[in-house]
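Everything on this sheet refers to the single structure shown next.
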Amino acid sequence: MSISIAAIILAAGRGERAGSPHKIPKQYRLLGKKPIIYHTVCRFLRHPAITTIILVIHPEDRQICEQALAEFKERFIIVEGGSTRQISTLHGLQALKKFNPQYVHIHDGARPFIENELLDNIHNTLTPQEGVLPVLPISDTLKRVNHQYVLETIPRTHLYSAQTPQCFPFEPILAAHKQAKRVCKEDFTDDCAIAEWFGLPMRTIPGDPHNIKITWHKDFDTAHLYLQKKMQMFPDIRVGNGYDVHSFEEGDFLILCGIRIPFHKKLNGHSDADVALHALTDALLATRGAGDIGTHFPPSDPQWKNVSSEIFLRHALSLLKQAGGRIANVDITVIAENPKIGPYRHAMIENLMTILAITPDRISIKATTNERLGFIGRGEGIAALATASVLYPGEIPQ
């Protein structure tokens, strides 16, 4: 039987220790090309066991938060936090009450590298009577210091550093937070401490050394290096395909890849009927999951009558650039009995080089016949297939 597991992501802090030069809270500073909170939220969104996500933010951060997470706006709930972490957590728990989850993760918004493996290990350890805490053994020698002098060395045996997410049965941790508020107990540094105080047992599991919390300015350097390494290991390369077909009508030229080709017929279409650029536009849109050319430029709209298909291609390209995409290569196959494409291939490649800003070795344009089969074989029209490979920032999700 499946269980319902929610997540509360705490992002209401000001992050003064991280030292932002632009006074931007650290969770909204860029890591790679996306804010830290974007990376954190993504980790929970992509895990199939997480049913509900509550994002607790500072009241002044709603606009910047909504901008940072615009593409996910339907997939999480924003709750305003309080003056302390403990109060913010209670706000998140109270907002979750109507969803009645069985368990809840409570996670620091400034820990962007939580992996599915750790979440799975937590879920496999859950019971209705216990919470789960990921921990790491302390490797440094610990000293108790007073006024810059060492008082004693503290044995490391049985000492661990705590990470988040910390996961709890929902009702007990909500009750613990409510009880702490009632008795004005406000000095807890994490939710595990509240659970301990309330009498809820906490079982530990091995944490992940890469699951760092970005607290100090130097932590950004560590995070950037780790992200770069991850991107090199699992680059987010996406492949899109496009297909288009247009019939012939009377005319004296047609346009392919933006190049005018003399012919005794032209292609019938609402725009200039550049079947090759239409297929390529669809291929590029596919890498963003952005629909097809008809979604953006409906043929029922008279403003696109007889316009150059380069407009459509440049629009798709702008969507790629907004997401930080870079074209790795494009491949177009024109399927036609006539006209012959060979004499115009070089001009087509040069035109695409200009539009796409890529080198010719990343552009393939070729043609084939349909061996006189079907409507293409009968010379009734032209079809085109296109494939595009685009590299986006970030890594491939697990």
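Here, residue 1 is simply the first one shown, and the rest follow in order.
Backbone N, Cα and C atoms are what each Cβ position is placed from, and that goes for glycine too.
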Which of HIS210, HIS278, HIS296 belongs with ASP244, HIS246 in the divalent metal cation site listed by Swiss-Prot:
HIS278
Counting all other Cβ atoms within 10 Å across every protein chain shown, which of the recorded positions LYS213, HIS278 scores highest?
HIS278
Relative to the Cα of LYS213 (site 'Positions MEP for the nucleophilic attack'), which of the recorded positions ARG156, ASP244, HIS278, ILE293, ASN370 have a Cα no more than 10 Å away?
none
Could you check what DSSP calls HIS246 (divalent metal cation binding site) once collapsed to helix, strand or coil?
strand
Specify the nearest of the recorded positions HIS270, THR369, ASN370 to HIS246 (divalent metal cation binding site), where nearness means the distance between Cα atoms.
HIS270
So of all those recorded positions, ARG156, ASP244, HIS270, HIS278, which one's Cα sits nearest to ASN370 (4-CDP-2-C-methyl-D-erythritol 2-phosphate binding site)?
ASP244
Remaining residues near the recorded divalent metal cation site, that is with C-beta within 8 Å of the centroid of the site residues ASP244, HIS246, HIS278:
VAL245, LEU267, GLY269, ALA273, ASP274, VAL275, ALA276, ALA279, ALA383, ALA384
